[in-house]
Structure formats: C-alpha cells, structure tokens
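As recorded in TrEMBL, the features of this protein are as follows:
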DOMAIN    7-257  domain 'Protein kinase'
BINDING   17, 36, 40, 85, 86, 87, 134, 135, 148  ATP binding site
ACT_SITE  130  active site, proton acceptor
CROSSLNK  132  SUMO2 cross-link
Ligand SMILES: CC(=O)NC[C@@H]1CCN(c2c(Cl)cnc3[nH]c(-c4cn(C)nc4C)nc23)C1
C-alpha cells in the first residue's frame, strides 16, 4: 500500500475545488507523477464521495495514449491521494489563452486525438460529460491527454448533481435535463473544435440564460477566417438531435481532419 511518505512533493501544479495537484517523485524509483490530494471533509460536505469513487473506478481501468493515466490511489485519515500521470506540457486552455487561437493543423490533430480517446471510452460504455479546454492536458510531444473524469458516468445516464462551472460546453439535452448518452461528448468535440479555431466558444453570451438559448437553437456564426472544411465538420457535429451528430468514427475520417491532422495515430492509419 502506497503512502504519502513514499514521495517527495514538488511544486503545486494546480488547485482544484477539493484539494490540489502536486508534482511528486517516488523516493525509491524517482518516478515522476502528479499527486492529486483531495480532502475527505470537502468531499463529505459536497456529498460527492460517490462521484469520486466512480472517477477512481473508471480512470483506473482506462488505458489510452490520449487519456491521462491513473496509476493507483491511497488515503490517510483526512485525505485521498490519486497517483496520476504527469503531463509535462501543462493545460490546453493556458496554451489557447497564450496563442489566442490555433491553426487548422494543430486543431485537427487535437480533434483526432480526443476523438480516439472518446471512441475508446465509449467502447467501455464510459461517457466523460465534461470535455472542455480546462480538462485537457498536453503530453511530452504536445499530444492531448483527456483528464478529470469527475463527471464521467456509465452510459446512458441522467444527471443527478447540479451543473456547475462553464455552461459553454453543455449539450442541449443536458440543459433540458433529458436522458443523455455518449453523444454529449460528441457535441463537446464540436464546441472544442470551434473554440480552438476561433479563440472563443460558439455560444458565448453575456448571461447563462442567453447561452442556454443559443445552445438550444444551435445559434452560432463562424469567424471569417474559419476554413470551409472546419465549418463543414463543426456544422455536422453541432446538431441539436444527439443521434444526428456526426459519429466519432466519421469525425476522424472527415476530409478536413485527414488533410490537417498530424497525430501519430493518423500516420498509422494512412501510412505514406
Ligand atoms: C484536468 C485537471 O485536473 N486539471 C487540474 C490540475 C491542474 C494540474 N494538473 C495536472 C495533472 Cl492532473 C497532470 N499533469 C499535469 N501537468 C501539469 C502542468 C505541467 N506544466 C508545465 N504546467 C502544469 C500546470 N498540470 C498537471 C491537473
């Protein structure tokens, strides 16, 4: 059984609502990882123990190059520790803030990587439900790492916990409180693709209610600089009817993705 004294704790990598994430190194093997520390008291107060248990259960079994690994977990009297893969190039949203927006190659590569990760998750009947730039990290070669499965569930599901955080990525069926399935993740891929290329989310508005209305009506316009291929892909994903959204397997075969993605996976699929 692991314990906190097995590690040397480095700089804090980020603060979450229930604790913080620290860079850590195993004293014995010098293996570097990200140690997420969660205070039991904070979880109990928010009645989110079941959600954390589910995150741990789900994440421990997922193995994919574009999903942040959870190696193990342990706890002491007051805290729960998640031993997570360390993503050396940090958070996608910080990169997007710095660059303002990404070009077609970078965005198409991210879309292919997140689609592959979600194809893998959905094959295990796991839906993430919280895809957004804040939950995406970058690996050693700049590849996308899907993280923070705190909201993931086994499909199909009805949301029980109140929504919090950004509303920009909510799918219409989530706003309506209707039963939802894997297609909520597909919707988020469309919103993410738009935000990476435009530098802002497609349904951004002054108030939550305004954003909800724009989402329900799929009311969005494309910036002049967005390529026709990207507009075509985004329009085929952001469909109000979940079952009419372009499936993930069709997203990674879309001409705009095939033309622009440089992810390692696509090299394997269509070698020179
Ligand atoms: C998805 C999520 O849980 N985000 C909140 C936590 C913030 C740092 N967390 C990291 C987690 Cl959980 C894993 N790897 C990380 N790498 C970094 C990072 C690297 N640089 C150069 N800068 C940073 C920051 N951060 C992490 C996650």
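Glycine residues also receive a Cβ, built from the backbone N, Cα and C atoms like all the rest.
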Name the secondary structure element type, per DSSP in three states, that contains residue 17 (ATP binding site).
coil
Neighbourhood of ligand 1 - recorded positions from 17, 40, 130, 148 with Cβ under 6 Å:
148
Count the Cβ atoms, other than its own, that fall within 10 Å of the Cβ of residue 86 (ATP binding site), considering every protein chain shown.
21
Using DSSP with the three-state reduction, classify residue 132 (SUMO2 cross-link) as helix, strand or coil.
coil
As a test of the contact definition, list every same-chain residue at least 6 positions from residue 132 (SUMO2 cross-link) whose Cβ is closer than 8 Å to its Cβ.
93, 166, 168, 169, 188, 191, 192
Euclidean distance between Cα atoms of residue 130 (active site, proton acceptor) and residue 148 (ATP binding site), Å:
8
Inter-residue Cα distance where the pair is the residue listed as 'active site, proton acceptor' and residue 17 (ATP binding site), in Å:
15
Including all protein chains shown, what's the count of other C-beta atoms within 10 A of the C-beta of residue 40 (ATP binding site)?
17
For residue 86 (ATP binding site), what is the secondary structure by DSSP, using just helix, strand and coil?
coil
Fewest other CB within 10 angstroms, which one of the recorded positions 130, 134, 148?
134
